[in-house]
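Q: According to Swiss-Prot, the protein carries these features:
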type	residues	note
COMPBIAS	408-417	compositional bias 'Polar residues'
DOMAIN	856-932	domain 'RRM 3'
MOD_RES	Ser352	phosphoserine
MOD_RES	Ser375	phosphoserine
MOD_RES	Ser420	phosphoserine
MOD_RES	Ser422	phosphoserine
MOD_RES	Ser424	phosphoserine
MOD_RES	Ser525	phosphoserine
REGION	97-116	region 'Disordered'
REGION	393-424	region 'Disordered'
REGION	717-853	region 'Disordered'
Amino acid sequence: MAVVIRLQGLPIVAGTMDIRHFFSGLTIPDGGVHIVGGELGEAFIVFATDEDARLGMMRTGGTIKGSKVTLLLSSKTEMQNMIELSRRRFETANLDIPPANASRSGPPPSSGMSGRVNLPTTVSNFNNPSPSVVTATTSVHESNKNIQTFSTASIGTAPPNMGASFGSPTFSSTVPSTASPMNTVPPPPIPPIPAMPSLPPMPSIPPIPVPPPVPTLPPVPPVPPIPPVPSVPPMTPLPPMSGMPPLNPPPVAPLPAGMNGSGAPMNLNNNLNPMFLGPLNPVNPIQMNSQSSVKPLPINPDDLYVSVHGMPFSAMENDVRDFFHGLRVDAVHLLKDHVGRNNGNGLVKFLSPQDTFEALKRNRMLMIQRYVEVSPATERQWVAAGGHITFKQNMGPSGQSHPPPQTLPRSKSPSGQKRSRSRSPHEAGFCVYLKGLPFEAENKHVIDFFKKLDIVEDSIYIAYGPNGKATGEGFVEFRNEADYKAALCRHKQYMGNRFIQVHPITKKGMLEKIDMIRKRLQNFSYDQREMMLNPEGDVNSAKVCAHITNIPFSITKMDVLQFLEGIPVDENAVHVLVDNNGQGLGQALVQFKNEDDARKSERLHRKKLNGREAFVHVVTLEDMREIEKNPPAQGKKGLKMPVPGNPAVPGMPNAGLPGVGLPSAGLPGAGLPSTGLPGSAITSAGLPGAGMPSAGIPSAGGEEHAFLTVGSKEANNGPPFNFPGNFGGSNAFGPPIPPPGLGGGAFGDARPGMPSVGNSGLPGLGLDVPGFGGGPNNLSGPSGFGGGPQNFGNGPGSLGGPPGFGSGPPGLGSAPGHLGGPPAFGPGPGPGPGPGPIHIGGPPGFASSSGKPGPTVIKVQNMPFTVSIDEILDFFYGYQVIPGSVCLKYNEKGMPTGEAMVAFESRDEATAAVIDLNDRPIGSRKVKLVLG
């Protein structure tokens, strides 16, 4: 429904285009702007919808052409009444204007002369006599002579004392050449007119001696005697003079005030143009008032430009011209980003404001395959974008050329120049949106980031979350466009050790985002604020939240509440995670009132939720916020949950040899950074129970050893790769340790390049294992262990293996002094050569081509420098990470490098983590996972 708004305070120099620019972005139909004027400078604007009118009312107090305007709600009835009242006031004012000779000195014309006002009817049919030939239309002698003839001679010698009779409003307009002297020189007094005798019949008028000849007039009937002043009857109209030029030249100026007493058009049988302004003497025309002369309106240079947003990046200048087909496009300038590519925006210059006005009607129309926005622009924007200005002689409506507007250079002083429209309310403002700010960032850091740029005072806004911590978002407004463009060029530059994203944003969009942030803070419940502001409880570290995963993508809040039935949960505390398109991610976050309720929710782990097993994990408030900002993605295996390990064996937990650091299906204590025991590189394996460093073997070399031996700077990190199990003492092995007489020397004694027993640099790892050498005794695991296909050769001496050790040959050595293993991990001799082998129980598939190899290390790169070990463990939640194996890397100055090493219990687990979590974010950065 159309809504009418009343505007007051409109300056006299403003037009409809200025009003439309003031309400740019709102829908005003054609013919919807009505300027009434008056003392208050009123105008009425008709908006297409209620929403447009509401947005328009919000612009009250703005300026049009430097004048502050006020907006009021109105109606169509009031608008029509005001327009009609203004029209009547104008007509009444014209009727009240006195005639041109109203101020003359001298006696008024006598009543007897009133009959002469009909004399103009005698010349109404003089079809366009030339003003240079005829200077008057009739003449009546004031003497007692009889009128014998009617000729141009008598017309041209009309006595000046007849000026009073020509002063009537209906006749004075026909002789404008005498108006000026009549106003300044008073006419002589008119003598009394004696009574005229009866006039004889007038003879026929001879032809006028002016070519072409004028046909004779019919005889004039005799005038009866009229006492005291005879009245002259109207004469018969003369036939048209075909040879005379027209009397009605085209208008050259508006009618000056006072020339026509009534202000109404001249009524000479309506044969003359009512706007006839040509003087009777073209050689010496009347000097009109400069204010009333017709001059072409000066063209505001800002009315020639429009801005186009949202164009396809592949759009060229021809596409823009095709989009504005039918309009006169002067030039097109496509804007580019800092790399030199089209950014989808551009400026277009037209030849006339009418073309600009028509171009604005094409807002939100299709260009190629995208809908573009067309908005007004200024010449200042055109110049700032690199556009060129060509000065041309602008042709006005009257065909007169006038110099181009002086627009460059513009001084800062507004005096003497037309003010630019760039400061009008419809401008978007020079605002930017910052993302990725450091959490400890303050206003001074933002000012330093945009140093040497002019920032609007108190315009820096840094967003904070409900917990009082910065969210990494911010807004800045600049004073001018040059600084604004320079700020956009600092996109992805570093503030401290984090790069900042700088995005353009309109001032309206900035205010909406700030308002949304404030509403988010206001909607946060009072209880939650109290809990977070309570320093005693340290709620941030309390696990009062739950992360529910592996649920259907179409899940809703009500479904989650029904799933948590029996646990008190506020509806506003349930958040279903969605992506940027509003599609569900199959995850939900729930915040409970206390830890007891959160622990109760763990009972629902792996319960069915809409047909799928829901995984419920209890997390802290900080974890919940991090998950809400960067939801973890579900890979092929989903959000993996811990799976039960191998069944425990008495004396051998986790189906390994904890005494030698074998917590699972390999030798994690051996510090195998790659695949456990590669076939040709057995030197990369070590037994920490036998005095080998758990982080690797120095002789192995490589980056990972040096990486893992760097001391951690965090107190909770502990020694690198401190694997579970007892690495020292008499109870290190599950089975009893063989007596010292079983063999001479230790593991490392017979192996060149291996560190000697007890030389481990890690506490608790230096265990002298007496007698893993040759001898007739066995050290074996329980009989329940399945068969491993490899054998270890027996006997003291070197520890070696033939080529292809990892590929599963029948035996790993036939000479005495080798270490072998039985096929069934049980007592009894194996098929491998060598008498009296010593059997060491190993996990299934150890150093074989089948089953799971040993622990595998993953290198994590490109992490935030402030990342903690807990955050890394949360990132790998659901994968079998060896506890205590996370090691952060620091440089020589002790600063974090954003890299870490994480050990997994098997290579399959590490491979799955790399496939599922590579390029996933930790904080605001995507991490890279490299399999060791």
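Using N, Cα and C of the backbone, Cβ positions are placed for all residues, glycine too.
Could you place the listed features in the three-dimensional structure?
A: Mean per-residue pLDDT, taken over the domain 'RRM 3' (856-932), amounts to 89.
According to DSSP, Ser352 (phosphoserine) is assigned to coil rather than to any helix or strand.
The secondary structure of Ser375 (phosphoserine), as reduced to three states from DSSP, is extended strand.
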Q: Just the number: how many Å between the Cα atoms of Ser375 (phosphoserine) and Ser352 (phosphoserine)?
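A: Counting only the Cα atoms, the answer is 16 Å.
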Q: Please list residues from the chain of Ser352 (phosphoserine) whose Cβ is under 8 angstroms from its Cβ, counting only those at least six apart in sequence.
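A: Spatial neighbours, sequence-distant, of Ser352 (phosphoserine): Ile299, Leu304, Arg328.
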Q: Would you mind checking how many other C-beta atoms are within 10 angstroms of the C-beta on Ser375 (phosphoserine)?
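A: Excluding its own Cβ, Ser375 (phosphoserine) sees 16 Cβ atoms within 10 Å.
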